[in-house]
Amino acid sequence: MFYDDNADLSIIQRRKVGVIGYGSQGYAHSLSLRDSGVQVRVGLPEGSKSRPKAFEQGLDVDTPAEVAKWADVIMLLVPDTAQADVFENDIEPNLQPGDALFFGHGLNIHFELVKPSGDVTVAMVAPKGPGYLVRRQFVDGKGVPCLIAVNQDPTGTGEALALSYAKAIGGTRAGVIKTTFKDETETDLFGEQAVLCGGTEELVKAGFDVMVEAGYPPEMAYFEVLHELKLIVDLMYEGGIARMNYSVSDTAEFGGYLSGPRVIDADTKERMRGILRDIQDGSFVKKLVANVEGGNKQLEVLRKENAEHPIEVTGKKLRDLMSWVDRQSTETA
């Protein structure tokens, strides 16, 4: 683990950093780098809706190509599916020997969708939290833990540069963990698919379906399997599974011990291993690339199917009754 004393902020302060993208992570990185005394410019296309926001926050903004030409450290923070095109069209033609190309996620490097030349440092600085939290913690004098990795290091200074960058966005205040592009990519994808997004979503929908099919009102089913999920996740987030079990009733704890393994059993774990194998051997990324090359048609079909599930209809109706819910961030249609 690395902390403030292990990182030299002056290293990144002597460089010119171009942040390509101004989404959740892009704005947090850009503003925190600037506030740490780093020269920073934001790369956004001419028609980007994020341009006014970046200008309003006092940042220098130019096209991705111009920023890549100016910078000697480029942090690529556009979505995974757009990175290869941005690299090919805007970044690669402007890379110089000795430049550094940074990523917030390892997918495109690990699966060789982006292939920088050997005279460019390739590294990753990945905060383990959303951009708003990275920025809020930085402003409060704290930080969000970060992962760093170096995939290509022609000058032998990649780790020091990555640590310096992490310090500039507050990461070393909380702690920085050294990893590899392979481990970060594969664990991140597996967590998303098997547990956080895919697994949880299907578990919730299945629970809803079982209750409704058994004759219970859909509103009751929604409250029990989706709405109350936040209460449980918050407890686990704050103190682990033990904290959650300590905080719920004895009835809930005892029932969970008995019934949980009936839902998630050895067969489930074997299917999860299959998901991990598909990630490790590149099968998933091939499907991802094929979807993008096909105009996202498969993704749009899946989104439509998901949006039409009865739990979404019920949920929208119930959330209309919840004045405390931020509807702007929760409603997608």
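Just so it is clear, glycine is given a Cβ too, placed from its N, Cα and C backbone atoms.
Per Swiss-Prot, active site is recorded for His105, and the stated evidence type is sequence analysis. With a cut-off of 8 Å between CB atoms and residues at least 6 apart in sequence, the same chain places Asp80, Met124, Ala126, Glu184, Thr185, Asp188 near His105 (active site), listed in sequence order.
Annotation source Swiss-Prot lists NADP(+) binding site at Tyr22, Gly23, Ser24, Gln25, Ser48, Ser50, Asp80, Thr81, Ala82, Gln83, Gly131, citing sequence analysis. Neighbour list (Gly131 (NADP(+) binding site), Cβ cut-off 8 Å, at least 6 residues apart, same chain): Gly23, Ser24, Gln25, Gly26, Tyr27, Ala28, His29.
Taking the Cβ of Asp188 (Mg(2+) 1 binding site) as centre and 10 Å as the limit, one finds 18 other Cβ atoms among all the protein chains shown. The Mg(2+) 1 binding site feature in Swiss-Prot is assigned to Asp188, Glu192; the stated evidence is sequence analysis.
In this structure, Glu228 (Mg(2+) 2 binding site) belongs to neither helix nor strand by DSSP; it is coil. Swiss-Prot lists Asp188, Glu224, Glu228 with the feature Mg(2+) 2 binding site, giving sequence analysis as the kind of evidence.
Residues or ranges marked as substrate binding site by Swiss-Prot: Ser249. All protein chains considered, the CB of Ser249 (substrate binding site) has 8 other CB atoms within 10 Å.
Under the heading domain 'KARI N-terminal Rossmann', Swiss-Prot lists 1-179, citing sequence analysis as support.
Across the residues of the domain 'KARI C-terminal knotted' (180-325), the predicted structure has a mean pLDDT of 97. Residues or ranges marked as domain 'KARI C-terminal knotted' in Swiss-Prot (evidence: sequence analysis): 180-325.
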The domain 'KARI C-terminal knotted' (180-325): DSSP-derived helix, strand, coil residue counts: 122 helix, 0 strand, 24 coil
Tertiary neighbours of Glu224 (Mg(2+) 2 binding site) (same chain, Cβ under 8 Å, six or more apart): Gly207, Met211
CB contacts for Tyr22 (NADP(+) binding site) [other CB atoms within 10 A, all chains]: 26
